[in-house]
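**Student:** If you look up TrEMBL, you'll see 35-58, 78-101, 113-136, 157-175, 181-208, 229-254, 266-288 marked as transmembrane segment.
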């Protein structure tokens, strides 16, 4: 049990002892931390890895069949980038888990830097996904215009900025106090939550509102399409609210004065569990739309 204030062994460098990187290594060496990274790695390899590989396989197969010159949709491109990010998540957790169990500090460090990309990038790609669906439903004319070469260039620049932000995010590990990172999170999370909620609710309002085509013989088909879109948006919004709510609760409980050092580590590491459902969500929705999930294929 960890009952004393955070201290580090003599084998840990002085730099690590005063950074978030060192704090993370210290927490993973505890019983709660070792159990957390082990279970998370098992779940990532059992569920997340097969889904990501399936998405990339379906995407490459579709790209090959349609022709290499055919432009890909914005939603699919965002999904592919999220899948690449989630593969980094699987690789990072696996390397960190092996590093913790084998006491190989270098392997653990590489895994931590991979995971640092995931925590910042996952949130931004989900924001872009919601904005893309908001434009597609609420502003269809603008969305069609974004399919031009200029729109594709703008999309690529935006995605490049997200990846650049992910690389910069690795610098957070060298911050001297994890409270600085939590302060940045408290600033980012409400903004992201507001943007995603606005986009999702706007999309739902448009989908629920009856349109000109809802009269006549196509009423049932249009209603079925609205129901599928409604369920998709609600799934995205619900999981993101759970993640952001968990993020806020973890940060709020972190500095509780009655918590022991071991419990503080357990609460801090619990934040990664709120990222797992959101990581599974978009690959599952992609395979659902591609009719690659036998038990829940969409109706014709």
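In case you wondered, yes, glycine gets a Cβ from its N, Cα and C as well.
In TrEMBL, annotation is done automatically, which means it is predicted and not curated.
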**Student:** Grab the same-chain neighbours of the transmembrane segment (229-254) for me: Cβ-Cβ under 8 Å, and only residues 6 or more beyond its ends, written as numbers and ranges.
**Tutor:** 126, 129-130, 133, 137, 182, 185-186, 189, 192-193, 196-197, 200-201, 203-204, 207-208, 264, 267-268, 270-271, 273-275, 277-278, 281, 285
**Student:** With an 8 Å cut-off on Cβ pairs and a sequence gap of 6 or more, do the transmembrane segment (157-175) and the transmembrane segment (78-101) reach 3 or more such pairs?
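**Tutor:** Per Cβ check, the transmembrane segment (157-175) touches the transmembrane segment (78-101).
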**Student:** So if I exclude everything within five residues of the ends of the transmembrane segment (113-136), which remaining residues of that chain have a CB under 8 angstroms from its CBs? That is, six or more out.
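**Tutor:** The answer is 74-75, 78-79, 81-82, 85-86, 88-89, 91-93, 95-96, 142-143, 146, 158-159, 162-163, 165-167, 169-170, 172-173, 188-189, 192, 195-196, 198-200, 202-203, 233, 236, 240, 272, 275, 278-279, 282.
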**Student:** Going along the chain, which residues at least six beyond the ends of the transmembrane segment (35-58) come within the CB cut-off of under 8 Å?
**Tutor:** 28, 79-80, 83, 86-87, 89-90, 93-94, 96-97, 100-101, 266, 269-270, 272-273, 276, 279-280, 283-284, 286-287, 290, 292
